[in-house]
There are 2 protein chains.
Amino acid sequence: MSEEKKTSLESIGEFGLIEELTKDFKNKRGSTIYGVGDDAAVIEKDGENVMLVSTDALVEGIHFNLMYTPLMHLGYKAVVVNLSDIYAMNGTAEQITVTIAASSRFPKEALEELYKGIKKACDIYEVDLVGGDTTSSVSGLMISITAIGTAKKEDVVYRNGGKENELIVVTGDLGAAYMGLQILEREKSVYKANPDIQPDLDGFDYILERQLKPEARKDIVKFLAELGVKPTSMIDVSDGLASELFHLCTQSDLGAVIYDEKLPIDTSVSTTAIDFDISPTTCVLNGGEDYELLFSIKQEDFDKIKGNPHMTVIGHYAAKDSGLYLVDKQGAAIQLKAQGWNHFHGQKGN
Amino acid sequence: MSEEKKTSLESIGEFGLIEELTKDFKNKRGSTIYGVGDDAAVIEKDGENVMLVSTDALVEGIHFNLMYTPLMHLGYKAVVVNLSDIYAMNGTAEQITVTIAASSRFPKEALEELYKGIKKACDIYEVDLVGGDTTSSVSGLMISITAIGTAKKEDVVYRNGGKENELIVVTGDLGAAYMGLQILEREKSVYKANPDIQPDLDGFDYILERQLKPEARKDIVKFLAELGVKPTSMIDVSDGLASELFHLCTQSDLGAVIYDEKLPIDTSVSTTAIDFDISPTTCVLNGGEDYELLFSIKQEDFDKIKGNPHMTVIGHYAAKDSGLYLVDKQGAAIQLKAQGWNHFHGQKGN
């Protein structure tokens, strides 16, 4: 490698980096239907169905801090964030492989706790642990999981299928995991300053659970099938809403308008955000780790999801050259930038 | 986790650990044909064919040392060691996903080197890179790869299919990668003592290449099909021969006898081993990272492989209670223990 040319990873960010690193790779196998660039790869299965494959890693000090993350929750979360990618393709998750690298700081009993969480997620989401690798590391803990799923070929939803004027829908509520992280970081600072003070976590159950033990929206895939709605584009909200919307728009070659007043935010998130002097909208747009699904539907499908407590229409796609805008509560249009999580900056989800 | 009970990972070793951690997991999916415990998981594809899935990680400071490992070779090797697991099931590797965690010490140009090696392996072995994750780490570099392959259901070879008196065959030659590591470690020590001395690597091309840029035996799967030989049990030699033979015997519920004089060892390995005052047989039995295939065939298939320069019969299976023995050049039978690589001890392959 030449000494004179060194580009830091921070200056590129994950998405630009993956694109650059993989730009010369060409798919050679007829069985590869879709490779790098969506929530999961799509591989031919039997003509009618496909296999979905997705990989995500959680790294100590980057994605989690063991000072406030119970190992059992961490194991659970590591599985869930991977399954979320399979659901974001409108598929069914069936198997996982788990690779763990752990330093000598972790005794067997620590890995047993981690595996208890992995098992709980496998049981709840009905997936099988079929393999993996357990190795040592020089320092720290890393968990890399590959999730394998299936879907009917015709049911697979890509990021790039959106069309102008289609409705943009998000499931559940957003911003809670990010606020949970702020609470945990605050209590960590308090504890570091004075270890005798007990952490004050009362009343934050919901937002802490969203951060420490998130769930993936397996149920939404089922609901949509029952409602007879096939999204036209979809992604999971692992980074902030702005970043995910940016991905959908880029890949669908569209712009979008979303409305601040429509964004689903739990009351506890709003009040905590205001306590922290953060705008709740910022938590939603630039937070992360919500693991909700963001998708688009045809206008004629609106009646099928109207009033559904799990889904909120937050805006619509627009022509590409009209850009990506948030309309605030005063009616002003604010241009959005993809300020979601950058893997090479501090701690956020994946 | 209880404070009073802490069991170090070193005291268990990888295989005991994985078995313990996964013992409570039950497969729930009809599509899971074979889960944890072989070189790859086996998943239903289309009735006639199966998908094979295997995951392996390489961790800096454990599996590689960047002081003497070029990043391009490392990328190549990380792919190869994973494909080897697919070939060890008698399958065809088709896709990989790549997860990389790198600290800020690695500029973009370093990852580009790594990906050049990954691409080279993808091109040579005809596999597609279909996804992955690139994230930061607090320190060091880790590469976790999942390989996906296919095989006809009837062609899949498991570790547990061996029968008494079947012949035990190994491909290529063994021990070279281990000796390559010894050379590199020696030159590292010399360099550390006196950075002005140039490393003396002349004449070690073969064994260095076996360590730094190993190949997986894709060709053997093809040869065996052409010869009309289906192995009855198979594993890849990522740890030492003793450890791999131990796995085959345990899973096939058998004993085995192998013959020292039959072990395929390159002349350069023997001479270097003697220089290092190590027995060449020890390199073969307890070394690692050869990525050859170890398998058993029915006696009646012997004529089909006889004289094949890629395959050597080194012994045969025996009844379980007769144990696992090496017959040395003087005709003495020495009981073998699984002293192959323990992931939680120092640097060896995987």
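Cβ atoms here come from the backbone N, Cα and C positions, even for glycine.
Curation plays no part in TrEMBL annotations; they are all automatic predictions.
DSSP assigns A:Asp85 (Mg(2+) 4 binding site) to a helix in the three-state reduction. Here TrEMBL flags A:Asp39, A:Ser54, A:Asp85 as Mg(2+) 4 binding site.
All chains included, 29 other C-beta atoms sit within 10 angstroms of the C-beta of A:Asp85 (Mg(2+) 4 binding site). Annotation comment: TrEMBL describes A:Asp39, A:Asp85, A:Asp236 as Mg(2+) 3 binding site.
Within 10 Å of the Cβ of A:Thr55 (Mg(2+) 1 binding site) there are 26 other Cβ atoms, across all protein chains. Marked as Mg(2+) 1 binding site by TrEMBL: A:Thr55, A:Asp56, A:Asp133.
Residues annotated as Mg(2+) 2 binding site in TrEMBL: A:Asp56, A:Asp85.
Marked as substrate binding site by TrEMBL: A:His63, A:Glu289, A:Trp341. Annotation note: A:Glu289 (substrate binding site) sits in a coil segment as assigned by DSSP.
Every protein chain shown contributes to the tally, and the Cβ of A:Gly132 (ATP binding site) ends up with 27 other Cβ atoms within 10 Å. Taken residue by residue with DSSP, A:Gly132 (ATP binding site) is part of a strand. Annotation source TrEMBL lists ATP binding site at A:Tyr115, A:Gly132, A:Asp133, A:Arg159, A:Ser238.
Among the features that TrEMBL reports, Mg(2+) 5 binding site is placed at A:Asp239.
Residues annotated as domain 'PurM-like N-terminal' in TrEMBL: A:37-150.
A:Asp39 (Mg(2+) 4 binding site) sits 10 Å from A:Asp56 (Mg(2+) 1 binding site), taking the Cα positions as reference. Each residue in the domain 'PurM-like N-terminal' (A:37-150) gets a DSSP state, and the totals come to 35 helix, 48 strand, 31 coil. Taking the domain 'PurM-like N-terminal' (A:37-150) as a whole, pLDDT averages 96 in the prediction. Proximity note: of the listed binding-site residues (A:Thr55, A:Asp56, A:Asp85, A:Gly132, A:Asp133, A:Glu289), A:Glu289 have a CA within 10 Å of the CA of A:Asp239 (Mg(2+) 5 binding site), given in sequence order.
According to its DSSP assignment, A:Arg159 (ATP binding site) is coil. Every protein chain shown contributes to the tally, and the Cβ of A:Ser54 (Mg(2+) 4 binding site) ends up with 31 other Cβ atoms within 10 Å. Chain B has a C-beta under 8 angstroms from the C-beta of A:Ser54, A:Thr55, taken from the binding-site residues A:Ser54, A:Thr55, A:Asp236, A:Ser238. Within 10 Å of A:Ser238 (ATP binding site), counting CA to CA, the binding-site residues A:Ser54, A:Asp56, A:His63, A:Asp85 contribute A:Asp85.
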